[in-house]
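Engineer: Mind having a look at this structure? Questions to follow.
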C-alpha cells in the first residue's frame, strides 16, 4: 500500500492545498494530511480547529486522513508507515527550500521519498498568509478557501476584530 504524507500548518487550508490533496488522493492508496504543531507560532486556528476544518473539506475522500504532529516530520512519517512525503510547489522559491528539506529527510531516512507536485496554475498565487492578510482588511476570501470553511474563517476574522 502506497501511503503519502502531506505536511503543513494549513492555517487556514486553501483551495491550493485542497487541490493538491485531491490530486494526491488519486495517486496514493492513502494520504495523511499532517498538521504541524508549532508551539513557537500563534495560529489563527488551534490545531484541533485546523484538523476539524480540513476534515470538513476532505470528508468525501475515503483514503484521506487528517492528523496532527509535532517534532520531526520524518519521525511522523515512519510512525505512520508512509513511503512518501508530498510537497506542493508554487514557485522556484518554494523549490529551493523544499529541495533542501527533501535532502535532509533523505539523509535521516533514505527509505522515504519526497514527491513534488506542482500547484495548479489557478492556485499558484494563493497562500494562507495572503488569505489572512486579505481577510484582516475585510477583503473577500471565498475565492481562496474551500467553500466548506468560508463561514468558519469569516466568523474567526470577525471575532478577532471584536465584531463577534
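Even glycines carry a Cβ here, placed using N, Cα and C.
Okay, these came from Swiss-Prot:
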BINDING   9, 41, 73, 87  substrate binding site
BINDING   9, 10, 17, 88, 89, 90, 98, 123, 124, 125, 126, 127, 128, 129  ATP binding site
SITE      17  site 'Transition state stabilizer'
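Would you situate these features in the structure and describe their surroundings?
Structural biologist: In this structure, residue 9 (substrate binding site) belongs to neither helix nor strand by DSSP; it is coil. Around the Cβ of residue 9 (substrate binding site), the number of neighbouring Cβ atoms within 10 Å comes to 17.
Under the DSSP three-state reduction, residue 17 (ATP binding site) is assigned to helix. Long-range Cβ neighbours of residue 17 (ATP binding site) (same chain, at least 6 residues apart, Cβ-Cβ under 8 Å): 8, 10, 88.
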Engineer: So if I measure Cβ to Cβ from residue 98 (ATP binding site) and keep only same-chain residues at least 6 apart in sequence, which ones fall under 8 Å?
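Structural biologist: In sequence order, 87, 89, 114, 116 meet the Cβ cut-off.
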Engineer: Can you check what DSSP calls residue 89 (ATP binding site), collapsed to helix, strand or coil?
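Structural biologist: SS state of residue 89 (ATP binding site) = strand.
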Engineer: Determine, to the nearest whole angstrom, how far the Cα atom of residue 73 (substrate binding site) is from the Cα atom of residue 124 (ATP binding site).
Structural biologist: 24
